[in-house]
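Step one of this worksheet: look at the structure below.
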Amino acid sequence: MAHNWIKIFIYHLKQNKLFSFLNVLGLSIGIAGLIFALLYWNDEHSYNEWNPEKDTVFQVLVKLSDSPASSDCSLFLKPVLDKDTNVESIMYADSWYQKDKIIYNGKKEFIDKIINVEHNFFSFFPFKIIKGDAVSALKDDSSIAISDDIAKRVFGDENPIGKQVKCLDHRFVVRAVYQIPGNSSIAPNAVVNRMKELTATYMTAPFAFKLLIKVKDPLKIENTRKSLERLYNYDFIIRVAKEAGFTPEEMAKKIGHFTVFMEPLSKARLHCVADSYPEGRGNYQFLLIMMSLSILILILSIVNYINLATANAINRAKEVGVRKIVGASKGNIIRQFIFETILISLFSVLLALVIVELTMPHYNNFLDKNLVLLGNQFYLQLILIFIITVLVAGIFPAIYVSNFETLKVLKGNFGRSKNGIGLRNGMLIFQFAVATFFIIGSYIVYQQVQYLSNKDLGFKGDQVISVPLHFPSSDYEVENVGQHIYNKYTIIKQELSKIKGVRQASTGLMSFDGSDNSITPVLYNDELFKVKSIALDFGLFEMLNIKIAKGRNFDRKLASDTINSVMINETALKLMNIKNPIAKEIIVRNKNLKIIGIIKDFNLLSPEEKVPPIVFYHLKTVDIARNIDKVFIKLDSDNMENTIVNIEKFWRTVDKEYPFKYDFVDKEYARTYEGYVKQKNIFSLLNVVVIGIALFGLFALASYSIQRRMKEIAIRKALGADTNMLLRELSAQYILYCIIGFLIALFPVYYLLNKWLENFAYRIDISIYPFIIGFLALMLLTLIVILSKAYQATKVDVLKYLKYE
Amino acid sequence: MITIQNLTKIFRTEELETSALSGINLQINEGDFLSIMGPSGCGKSTLLNIIGLLDSASDGSYTLSNQEMIGLKEKGRSSVRKENIGFIFQNFNLIDELSVYDNIELPLIYNNVKASERRLRVEAIAEKLNITHRLKHYPQQLSGGQQQRVAVARALINDPKIILADEPTGNLDSKNGNEVMELLTDLHAKGATILMVTHSDYDASFSQRTILMKDGVVFSEKMNQRNVDVFKI
């Protein structure tokens, strides 16, 4: 039986080479898309899955009024949590990694993921301990635990346990080597326990460190949450009110309302309200978009398959009729056609795996991940995809074919049967709708990304590089560190300006990569405002072409500008609502500063967010020069490469330990919306795929439908219809379907794209143009496909169809 | 009305050339009712198709109303066809997806006749052919004879100069066949020009003149008696 089936399957494969190939290709592209999306999905959902504590470990997030939630929690929460019977243990930790080198026996290894935590870290993140033990791994501030690959890099085949290393300017003893079992929200290369020196200070600040708590019963977490919220909104407010001499009610009004969230580790990756773990959070929205688009594409290719299979079935009606007469049952026919679908799907899955394997490096690069085609979970899903594809694509055509009435079929004239046309046309309309969605959607995404990259950012960074600056730790151990560092920086600046091609150098405690979201309280007229504060050196605004709206810039000739001058941006001016701002006083970091000028707003955070209110002062105004960590250098536009080479030469004398690195400021900023540029690219790619699949479906369906109408066309021709009339008649229905599909897609595309645009503080409004262009493009493509097919049909020999059918 | 001189038609395949028509001469005058008979493959259908402008000749001359048809482009042929020629086929060739009314109306649409007039004309012809009660039906719902009536109605709706009938009774039983032949005779009596291909001597006897073809040439020609020999069936 199977042999007979395979023979006829191969015969049809050979007969319809092009359609068979396109069918397999379409299905495999659909399956490949789904495989890609699934790998991404699995990877994101595997975060912390391995961790047995994922449901009992919570991170505490605090949100003040309408500012974004933060994972920095106060230390004054500890006594209350210690008394809470539901809390098993708590841990303060950094929410970022530090970078440094580990020195062992004079050998240096750079490590970029060192985390500072408390002693009980391994009970929150029970990594697999390979050497040493978890309990004593971080017992004191001279203990360090390292990951297995770092152990290999630093110690080779030596046993690291008990060995002394130097790191972060301290001596540590290696007490454990661990292996991280899977994706983890905290996945450090080295773990140290030096929170004590930090937790000893900052006792009273409302925002300090990341706080993780492990509870006995996750269901009772709400009680803990309430008690913490009360600490903020009641105890804390009363205390600061007393200090500042206000009533608690006044103070509460000034500061705002605190909301506390408790978030289990299991939700940390994809459903976190703040980007608060060092490994960052996943983009759940993008994950969903990828997932649904890939499912949509697979549906589209399955629809094509069904359409082609049922249309083609008419050509096989006679075969089915004969089979039935010689004894095949209905079930037999169904099995035969499902068997064919299984073969086609199998080819498609194999081809899909090849496609995935070949394009995986690009995909990994795109997602910045390291996905591989492995894993039991993935194989199970692949089998599931295969089964679902076979069922959805196979059952319908099989039943359709098996229902042919034997007698009708054998009497001939079945070719013009109307069976299944409604369904095929319905699916065609669906394809038109999806294609419309993609054409319009990708055009809007394109417009938005284009808008972001062309937007006047308020600064020009194409000739300005930022170079990270590291001073040796000894420089921070002198008296008056700020002055010392400032002097060293000044010397570097002077040396830099001697290099040919360097126009200017300056510094500022700011970065354009969107990472800086610190907030400083500023008082104006006794009112508290939460703004960003940036300390900088002279000349930075000119270098970056940042404009001054009112007043004047900082002036190195005026001594007061390093003592009590401040500039604010337009947003800050609006926020504080200062009339005639010049010469007004505000209080920043307990200093009375006089406003000398208003800076025109410029983008600092990613374009998703609005320009924050910012105050600017000179590095020396507030003694903060010790934090200098980079130099901005403006270059002449010609011969930039050469200039950079010369800067690098000079830099090796400045910073002997770290390799020279630089970044153009505009590129640094562009990275803040890199994700969206990638989304645009993938959307464009999917657009091509979807339109390709939809047009193929249209082409195939039109071919079959016109084939079916050949006799009608011949009769019409005999009655005197000329080519133009026939073309009109043949294409009319498809144009109608195209319009219906277009109309169906209008609302979803408008709604969903609007939702997507809501991500951006600076966004385009959806205009009529994408819709017009989408409509014209779709219509044009449809007409090309249909008319080419119809034109062929009108050229046929009329006699053939009038005579012999 | 139709003058055919030295008409030839050669079918070429890779291996051989077959002469379907070799030098046909024929004159059809207005009001003629002409039958073409002959064995299968003698070229009678080819001749009919060339006259109907569904096929093209290899050589010779064919004038319809003093206009040369050989060498006419597809566009010109379709316009001559729709204005001058009505077809009746053996297998009716109705469009299954259209109702009887729509099928009959079709030639009028291609001739740009106004909708209101189309309606009147379809109704008139339906009445004439006694199919008014079938106008809303679809071809598949009719008997063969009724389908052929519809086809005749469609052929006549446009008042063509000539009606070409290709074995019009071939798919019908004798009763329905007879009806159709009487219909054609009737039309002829009213002045229509008819060219009919047939296998049946009986059918041919309805016409004025029968030409017999063999191997692509006109073999003989005879005038028919108008009286019908009913015992010959």
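Glycine is no exception: its Cβ is also placed from the backbone N, Cα and C atoms.
The feature domain 'MacB-like periplasmic core' is assigned by TrEMBL to A:20-230 (among others).
Here the transmembrane segment (A:21-41) has long-range neighbours at 287, 290-291, 293-295, 297-302, 304-305, 308, 344-345, 347-353, 355-356, 359, 363, 367, 369, 371, 373, 378, 381-382, 385, 389, 393, 686, 689, 693, 696-697, 700, meaning same-chain residues at least 6 beyond its ends whose C-beta is under 8 angstroms from one of its own. Residues annotated as transmembrane segment in TrEMBL: A:21-41 (among others).
As annotated by TrEMBL, transmembrane segment applies to A:286-308 (among others).
Taken from TrEMBL, the feature domain 'ABC3 transporter permease C-terminal' applies to A:292-402 (among others).
The annotation transmembrane segment is assigned in TrEMBL to A:337-358 (among others).
According to TrEMBL, the transmembrane segment annotation covers A:378-401 (among others).
Residues annotated as transmembrane segment in TrEMBL: A:422-446 (among others).
Among the features that TrEMBL reports, domain 'MacB-like periplasmic core' is placed at A:439-641 (among others).
Sequence-remote contacts of a segment are chain residues at least 6 beyond its ends whose Cβ falls under 8 Å from one of its Cβ atoms, and for the transmembrane segment (A:682-706) they are 19, 22, 26, 29-30, 33, 290, 293, 296-297, 300-301, 303-304, 307-308, 311-312, 314, 366, 421, 424, 427-428, 431-432, 434-435, 438-439, 441-442, 445-446, 713, 730, 734, 781-782, 785-786, 789-790, 793. For A:682-706 (among others), the entry in TrEMBL reads transmembrane segment.
Counting residues of the domain 'ABC3 transporter permease C-terminal' (A:686-796) by DSSP class, helix then strand then coil, yields 93 helix, 0 strand, 18 coil. Positions annotated as domain 'ABC3 transporter permease C-terminal' by TrEMBL: A:686-796 (among others).
The transmembrane segment annotation in TrEMBL covers A:734-753 (among others).
Among the features that TrEMBL reports, transmembrane segment is placed at A:768-787 (among others). Counting residues 6+ beyond its ends, the transmembrane segment (A:768-787) has Cβ neighbours under 8 Å at 432, 435-436, 439-440, 443-444, 447, 691, 695, 698-699, 702, 727, 730-731, 734-735, 738, 741-742, 746 in the same chain.
Residues of the domain 'ABC3 transporter permease C-terminal' (A:292-402) grouped by DSSP class, helix first, strand second and coil last, total 99 helix, 0 strand, 12 coil.
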